[in-house]
Amino acid sequence: MYKNLHPKYFRLAAEYDPSGDQPKAIGELSDRIESGETDIVLLGATGTGKSATIAWLIEKLARPTLIIAHNKTLAAQLANEFRKFFPDNAVEYFVSYYDYYQPEAYVPKTDTFIEKDASVNSEVERLRHRATTSLLTRRDVIVVATVSCIYGLGAPSEYLKAGFRLEVGQKISQRVLLERFTQLQYNRNDVGFERGNFRVRGDTIEIIPVYEEYTVRIEMWGDEIERVLCLHPVTGNLLSEQRGVLIFPASHYVTSSENLKRAIVDIRKELQQRLRYFKRNNSLLEAQRLETRTEYDIELMEQLGFCSGIENYSRHIDGRAPGEPPFCLLDYFDDDFLTVIDESHVTVPQIGSMHAGDFSRKKALVENGFRLPSAIDNRPLCFDEFRQRVGQVIYLSATPGKYELSKSDGVVEQIIRPTGLVDPKITVKPIKGQIDDLLEEIRKRKLLSERVLVTTLTKRMAEELTDFLSEAGVNVSYLHSDIDTLHRVELLTSLRMGRIDVLVGINLLREGLDLPEVSLVAILDADKEGFLRSTTSFIQTIGRAARHVSGEVHMYADNMTESMQKSIDETNRRRRIQQDYNRKMGVTPVPIKKTVSDITEVLSRPSRKIDCTILDSLPDPKIDGKQIKSHIKSLEAKMYMAAESLMFEEAAELRDEIQSLKEKFLKPRGSGGKIRQ
């Protein structure tokens, strides 16, 4: 009912036209989608502009689109990329909102119950709500998500039904309006005003919707809305004056009072059945445990309308039958939406594996009286359920997996790069003397201001090689799994800027990562078969050198394995196609020129330091409270901007700095507690 308020078409803002294999791929994908095909593989070599191809396709088809990536970092990169493609349309980001998550679990062997423990990232939570709000109010929506999109979410019909529009001139009493906000699970807080709260000041009501960054001020004249204003949440400055505003629930699990009453009746019935089961089996401890916990949750739902862990009762709240799949993000899309699975060789198996792990954990909780059996139905979709809901799917990968290849009636190939760059030349060298040979090759690249990636099989070998190269005078660093995202970004930035010439690691795939300065990828012990030396891993690793005009890959091996041969044959096939095209069209390969910030702009700005100049100049014992508060407001504004740009690590860094300042300078004397954010 709200979708006529927004445009229905996508408008692509590209600085260039389709080139290379892109026009052919766009045409073929469009034809196959419009003819009704449900599974299509886009086999795109590294650097051929697969994301741009999908952007042009979305503009042509004008359908809501879900893009699934296999981790948050890649999802953020894609969201940032598509926001640049579609600045006038809704490009949303939907991932898990937990910075830290320990699910509820029970270990029977040690009789250990682990309480749910989680740290929620409020900025990511806002973006999740904005994604569902956009899907319910407009057609021109692209949502970039992780597997979070297959996990249980409240019913979209209830979420939509609960939302309402406030307009200037509307007759509504302040009391009724406050009741509506409370029913939508917004909290009244006249002091600590933050997202998800509302406050009252005379005839003025202010609310920060969970999916917005601004404050909505509703000015009343008696029982009539006189003005609707949008304000900056920190400064209070006027951003705009509106004719009306949409208010959606503060929780995806909101439901009507009638539904909740019915659900509570059903929960009590199931509880009694389960208690009889435990008592028949003389499991009195389990019975008492379940009764105490469930009755407590029911009392909270009756009094407040919700409880902690209410999602475990979602089957009853939604009115679903036992075993019926839960609602999830997919149910918020229109029926004709398009799904794009990025790096499908990784993402498809990931989607398929979520259900089994969740079931195993929940089963132990149910059997030992910590949860009702219906809690098992608060789960991710199994793969068949996912496949039934997504309709038409495009699988995107340089190395498609067996599943997607078996489902697709032939692949759409995108081999030719718009830049004219060809796949790297591959050379196989003997293992004997590989380190000395590698050192010589590194020195050659150093003279040309080029960079090198080296992949090893073991952590120990990577560490020893890093030490050896460092002693030999090479600017080298070791990239390993213990390095956090920000430090990883700093190392990659240092590599691109030339502060580091070589990166050594075990798994340097990082699909989707652009390192145009890398001209050599060295694969040590290439003939040791395993998942790090599989055909897929080889092709992905080879792709790290495909963005340089002089890209080469050196495989150190004494034997030619099947995986090596397949990856070499496929790379050479692509290389021949690319070279033939360049000769025929008179194309000269052009080096990729990409600013260093482009690779990391979603995660962090290079050498980004929080501005603490004010703090450095303040004498600690006699701190100026007003100055500190002013500085905190400035940092909060920067944090909101960083989160809006999907730079969540930067936003988190700012958040931690704000928390530290509040604890150090603003905590009340005698208080041992933490300042609530």
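From the backbone N, Cα and C atoms, a Cβ is placed for every residue, glycine too.
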Give the range, chosen from 97-120, 457-480, 481-504, that Swiss-Prot lists as motif 'Beta-hairpin'.
97-120
DSSP on Gly44 (ATP binding site), three-state: which is it?
strand
Determine the most Cβ-crowded residue among the binding-site residues Gly44, Gly47, using a 10 Å radius around each Cβ and all protein chains in the structure.
Gly44
Long-range Cβ environment of Ala45 (ATP binding site), under 8 Å and at least 6 residues apart:
Ala398, Gln414, Ile415, Arg417, Asp423, Gly543, Ala546, Arg574
Beyond the site residues Gly44, Ala45, Thr46, Gly47, Thr48, Gly49, Lys50, Ser51: chain residues whose C-beta lies within 8 Å of the centroid, for ATP:
Thr53, Ala398, Gln414, Arg417
Which listed residue (Thr48, Lys50, Ser51) has most other Cβ within 10 Å, given these are binding-site residues:
Thr48
Around Thr46 (ATP binding site), how many other C-beta atoms are within 10 angstroms of its C-beta?
24
